[in-house]
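Below is one structure, written out as structure tokens; comments come after it.
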Ligand code: PNS
């Protein structure tokens, strides 16, 4: 069974993430969305909330699971018996950072491959931080995050 892991912060999940998850679910027998728990960085949503939002919008993909992980991605891969890291590439500017991470992960465990999917063109400008900024200043986030998540983003920002 080919198990892939799609790691990230997902604070919150965007339509760009969902596009990669949907396409990734067709490539792997099982795709695990791994939400990195970063104790040094306070995000908008806490980790159980991020997981719940992702589960809500991926429920229709029966081979997609969502879990949190702490520490090294490569250790999480081992624990989940996964062999492929799935990453989305938006723009040339993503390349250097992703290249470095892929090489580091390969150094840590040469058995693990990193596979990149080009983000669909309509989401190439999209990021969780841009979504948060737009929502914070009252802009519209329709089309940027899944419809089922829009109200959660606005109410979370208002509650701050
Ligand atoms: O959505 P993000 O914040 O760009 O995702 C970054 C993520 C979670 C993929 C990356 O920070 C990560 O894999 N962190 C785990 C720590 C790790 O394994 N580091 C070694 C590779 S450089």
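Glycine residues also receive a Cβ, built from the backbone N, Cα and C atoms like all the rest.
For 9, 10, 17, 88, 89, 90, 98, 123, 124, 125, 126, 127, 128, 129, the entry in TrEMBL reads ATP binding site. Here TrEMBL flags 9, 41, 73, 87 as substrate binding site. Residues or ranges marked as domain 'Cytidyltransferase-like' in TrEMBL: 5-133. Annotated site 'Transition state stabilizer' per TrEMBL: 17, in sequence order.
Shown on the structure are the features that TrEMBL records.
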| residue | record | CB count, 10 Å |
| --- | --- | --- |
| 9 | ATP binding site | 18 |
| 17 | ATP binding site | 26 |
| 41 | substrate binding site | 9 |
| 73 | substrate binding site | 21 |
| 87 | substrate binding site | 18 |
| 89 | ATP binding site | 16 |
| 98 | ATP binding site | 16 |
| 124 | ATP binding site | 14 |
| 126 | ATP binding site | 19 |
| 128 | ATP binding site | 23 |
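Counting residue by residue with DSSP, the domain 'Cytidyltransferase-like' (5-133) contains 58 helix, 29 strand, 42 coil.
Over the domain 'Cytidyltransferase-like' (5-133) the predicted model carries a mean pLDDT of 97.
In the vicinity of ligand 1, defined as a Cβ distance under 6 Å, none of the binding-site residues 17, 41, 87, 98, 124, 128 are placed. The CA atom of residue 98 (ATP binding site) is located 8 Å away from the CA atom of residue 87 (substrate binding site). When Cα-Cα distances from residue 73 (substrate binding site) are compared across the binding-site residues 9, 17, 89, 124, 126, the shortest belongs to 9.
Residue 41 (substrate binding site) and residue 17 (ATP binding site) are 20 Å apart (CA-CA, integer value).
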